[in-house]
Amino acid sequence: MSQHKLSSCSPIGIFDSGIGGLTVLKAVQAALPSERLLYFGDTARVPYGTKSQVTIRKYAREDTELLMKHQPKLIIVACNTVSALALDVVEQTAGDILVIGVLKAGAELAAHRTKSGRIGVIGTQATIGSNAYSCAIREENDALEVTPKACPLFVPLAEEGFIDHPATRLVAEEYLSAFTGKEIDTLVLGCTHYPILRKVIESIAGPQITIIDSAEAVASKAKELLSKHGLLNQSSATTLPHLMVSDLPQKFRELYRLFMGTELPDVELVGM
C-alpha cells in the first residue's frame, strides 16, 4: 500500500491492455495540458477481454504496481475490462493514490445523455459478461433499459491498425445489427480501443445515435477530482508523456503516430 505524499507535480498514471488507452491519454492531454502523464500499454498480454477473471485481476495488480514505482497522484484505469472486474484490486494496490475507472465515468455520462432511456453498450466479452455497465447505468437511473453486445474482434482490429478498413466495417455491421429494433438513442463505446474505430461505428450506427466515448468522460472526471483535492498542476509548461509497453515498441510507435497524429516520444520497454 502506498504511503507517499501526494503532490500536484506528481504524474498521472494511465494503464491499458494495449493501445486503447491512448484514447484516454489524448483526452487527458486535451483537458489537462499541464499535467505530467505516464502511460503503460500491456502489449505483451493484450487482449484482456478474453482472459479469466483470475488472470485479469492478476494483471491489474501488476500493472498498478508498475505505475506505483513512479509515485503518481492519480491512476486512471483506461481498460474497461479491468474497471469491470478488478477496480478493487487497483484501489487496494494503490493505497492512498486516487483511482478512476473508465467504466463508471462512461456509464454516468450515458445515463445523463439518453433521452429515450434506451442505451446500447458494446465491449469485450469479459466486460459485457460481468454486467458491470448495466449495473452502473442503472445505479444512475434504474428505469433505463440497457442492451449489451460483446464485440471481441474490435480490439485485435484496432491493435492491427485496421482503423478504416473493409474488414472492420463488415465486423461492425454484424455486431451492431444486435441493436436493430431496440430503439436505442445512445451507444456506449465500452472499451477504450473502440474510439479508434469510431468513424466506422458511427457511420453504421447512424446520426440519430449519440456515441459515448468513456475517454472524454474520464478526462473530465480526472480534472474534477484533482481540482477537488488541490492536486492540479499549476505549471504552464507542457511535457511529452512517458510511454511504456511490455512488448513490440516499434509497432506501438507506428500505431501511436497513426492515431495521435504526432511523432512518438521515446518508448520504454518494460518486463512484466
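Indices start at 1 and increase along the chain as displayed.
Every residue gets a Cβ built from N, Cα and C, even glycine.
The active site, proton donor/acceptor annotation in Swiss-Prot covers Cys79, Cys191 and is backed by sequence analysis. The substrate binding site feature in Swiss-Prot is assigned to Asp16, Ser17, Tyr48, Gly49, Asn80, Thr81, Thr192, His193.
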Among Ser17, Asn80 [binding-site residues], residue with fewest other Cβ within 10 Å: Ser17
Which same-chain residues, if any, lie at least 6 apart from Gly49 (substrate binding site) yet have Cβ under 8 Å of it: Ser17, Thr81, Gly123, Thr124, Gln125, Ala126, Thr127, Pro152, Val155, Cys191
Maximum Cα-Cα separation (Å), residues Asp16, Ser17, Tyr48, Gly49, Asn80, Thr81, Thr192, His193 listed as binding substrate: 12
Output field, substrate shell: CB within 8 Å of site CB centroid, site Asp16, Ser17, Tyr48, Gly49, Asn80, Thr81, Thr192, His193 dropped: Gly18, Gly20, Gly21, Val46, Pro47, Ala78, Cys79, Val82, Thr124, Thr127, Val155, Cys191
Residue pair Asp16 (substrate binding site), Cys79 (active site, proton donor/acceptor) - Cα distance, angstrom, rounded: 5
Three-state secondary structure, Asp16 (substrate binding site) (per DSSP): strand
Cβ-Cβ neighbours of Cys191 (active site, proton donor/acceptor) (radius 10 Å): 36
